[in-house]
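First up is the structure itself, then whatever we jot down about it.
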Amino acid sequence: MTKMNVESFNLDHTKVVAPFVRLAGTMEGLNGDVIKKYDIRFKQPNKEHMEMPGLHSLEHLMAENIRNHTDKVVDLSPMGCQTGFYVSFINHDDYEDVLNIIEKTLNDVLEATEVPACNEVQCGWAASHSLEGAKEIAQAFLDKRNQWSDIFGEGK
């Protein structure tokens with residue numbers, strides 16, 4: 001397989017076992033700042049996916065709430081394949097802490113009573129949301145917390 005510019009295109013999606021959180025990239029800026037991008041994979045690639053209303057609400061909830069647990073988040077974005085999200089941190093390289101931040105954020109999702117910015121002024125497709133769908137996705141991921149570090153299903 002020819003090496004491609006996009007990191008995830010070089011990942012053999014048939015070898016990973018979701019759910020997991022993996023370091024997907026590191027970039028150093030000219031002034032020494034380091035950005036680490038993580039792949040938060042909720043669903044098994046090419047086998048299952050998140051339905052868009054739940055995924056969309058999960059995106060809003062995670063993007064808003066993760067910033068309550070750290071000031072190091074640069075961005076949190078859904079994958080187009082609907083199997084996960086990317087989250088990027090600046091000058092933060094503690095993987096276990098990243099897992100804890102994600103866990104706290106998903107617990108916030110379970111406690112939510114509404115989806116933030118779920119209106120036509122603040123959202124580009126406000127009609128496509130499901131708080132219950134987001135909670136179901138979050139709970140399923142949290143239920144397998146002990147597997148998050150085992151990217152290839154090796155029991156590590």
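Every residue gets a Cβ built from N, Cα and C, even glycine.
What Swiss-Prot says about this protein:
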BINDING   His56, His60, Cys123  Fe cation binding site
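For the binding-site residues His56, His60, the largest tally of other C-beta atoms within 10 A is found at His56. Taken residue by residue with DSSP, His60 (Fe cation binding site) is part of a helix. Its Cβ taken as reference, Cys123 (Fe cation binding site) is surrounded by 17 other Cβ atoms within 10 Å in the chains shown. Sitting within 8 Å of the Cβ centre of His56, His60, Cys123, and not among those site residues for Fe cation, are the Cβ atoms of Ser57, Glu59, Val115, Ala117, Cys118, Trp125, Ala126, Ser128, His129. DSSP assigns Cys123 (Fe cation binding site) to coil in the three-state reduction, outside any helix or strand.
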